[in-house]
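Single-structure report; data block below.
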Amino acid sequence: MVSGHMLVAFTFLALASSVLASDPSPLQDFCVAIDEPKDAVFVNGKFCKNPKLVTAEDFLLKGLNMPGNTSNQLGSNVTQANVAQIPGLNTLGISLVRIDYAPYGLNPPHTHPRATEALIVLKGSLYVGFVTSNPDNRLIAKVLYEGDAFVFPEGLIHFQFNVGKTKAVAFAGLSSQNPGVITIAKAVFGSNPPISDYVLAKAFQVDKKVVDRLQAQFWMNIN
């Protein structure tokens, strides 16, 4: 069932990319990222793989049909497809992810500092939402079903929660080759080195012992 919907998902993401792309527009056909400048050319201020050495493999990522491992404390897994996995995405201003959710799994509140996100549900049902900036901090949320799409504006805190008793799958396109992610709970309570517990106790208006307990927890990364 999921594989049958993947064509619809990728079509949606492709159409969204023309609207969402926010990275600087390239001045050449492509600029395949390369770590070793010995075999590179210098284009638009970046090292790019020599176009004559570029192959189809530079634009290919296999395996997005495979479920991610959701056996963790959040019950979710994000499989990335950005410039780190597909060097050919460099300068093209788009990337995507596959997100798997166990029953009642959560992709916790987080933000992408460099990208708007357009998400489509392929399987299951998700409660999703984002919070607007100060001073309103308005929650805009919706339950999505198979085939539904939802947009999370750039930089705003957002989340997805599987409200069903079965697994869920979603794909999302992001308007940057490297959108970045900041998981709110981990950034605040799991920073390295830790933020002063006095600072957090005052910010959250709670007892310092509550902050100490939260900082002592293991905070997992999401991609």
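Just so you know, glycine gets a Cβ as well, placed from its N, Cα and C.
TrEMBL labels come from automatic prediction, so no person has curated them.
Annotated in TrEMBL:
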type     : residues         : note
BINDING  : N107, H112, E117 : oxalate binding site
DISULFID : C31-C48          : disulfide bond
DOMAIN   : 62-212           : domain 'Cupin type-1'
SIGNAL   : 1-21             : signal peptide
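Cα separation, H112 (oxalate binding site) to C31 (disulfide bond), rounded: 23 Å.
Note on the domain 'Cupin type-1' (62-212): mean pLDDT across this stretch is 96.
E117 (oxalate binding site): 24 other CB atoms within 10 A of its CB, across all protein chains. Close to the recorded oxalate site, the chain also has V97, H110, T111, A115, L119, F152, H158, A172, L174, P179, V181: residues not among N107, H112, E117 whose Cβ is within 8 Å of the site's Cβ mean position. In the shown protein chains, 22 other C-beta atoms lie within 10 A of the C-beta of H112 (oxalate binding site).
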